[in-house]
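Visitor: Just passing along the structure, written as structure tokens.
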Amino acid sequence: MRIDVISLFPEFIKQSVGFGVIGRAQERGLLDLHNWNPRDYAQGNYRRVDDRPFGGGPGMVMLIEPLRACLEAVRAADPQPAPLIYLSPQGVLLNQSRARKLAMLPRMILLCGRYEGIDERFIAHEVNMELSIGDYVLSGGELGAAVVVDAVTRLQEGVLNDAESAKQDSFEAADSLFDYPHYTHPSNHAFGNVPEVLRSGNHVAITRWRRQQSLLRTWLRRPDLIDEARLSKADRLLLDEIKRTHPMDTDRKASASWRGA
């Protein structure tokens, strides 16, 4: 997959996704990442990329022309069509379902804003999607772009050594429940012991325990996801047991309502 990132701080992107799984994906040619700086396409001695907003107000707004020239260079570098995705708190929210859809694209271009934002005319004329990573404001789009690169790249075939690892992640299963707890050696520790069922060798019991824990975690932390999950009859029996032993209190109801807003 090829991802082009347009940013005034390309080094930020390089550093953010240069390690671990995503770094190895680049080394192995599974992710073809290119960074572009609009300042390189700005005119004049000062290579200005921003100006004051019409109508007054605080801050600066990114200019159309450096962005337009930069985007032309990005598109000329590879004839393969690609959507331009602008990282913005006003965009649609990135979730695992949307990450899977983006991962199916052969190429995408991510645009990072700075200052007060980008001239609206450029957005209206060139941007195909505005994408948000959450309901909060950051100093720029670079962190959001790094999140998108990570979320999308790890879904590419061959990136993870164990494909089952991705399938079992929170939000990744077909029912979108949280992942179950994980343990490793030693089995006994001052912080606690590994649950006996995981050491029993009884794979049926282990599978049931993991499913129960997945349901329990989702019920306790994000009960709103339970309503969206596709649960089997056995799941619903487990969930009924969980609800009896872990009734939802008022605070968690309010929290679930707030998260779903």
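Cβ coordinates are placed from backbone N, Cα and C, and glycine is handled just like the others.
The annotation S-adenosyl-L-methionine binding site is assigned in Swiss-Prot to Gly113, Ile133, Gly134, Asp135, Tyr136, Val137, Leu138.
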Visitor: Only counting partners 6 or more residues apart, tell me which same-chain residues put their Cβ under 8 Å from the Cβ of Ile133 (S-adenosyl-L-methionine binding site).
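Guide: Listed in sequence order: Leu87, Leu93, Leu94, Leu143, Gly144, Val147, Val148.
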Visitor: By the count of other Cβ atoms within 10 Å, pick out the sparsest of the binding-site residues Gly113, Gly134.
Guide: Gly134
Visitor: Around the C-beta of Val137 (S-adenosyl-L-methionine binding site), how many further C-beta atoms are within 10 angstroms, looking at every protein chain?
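Guide: So the Cβ neighbour count for Val137 (S-adenosyl-L-methionine binding site) comes to 6.
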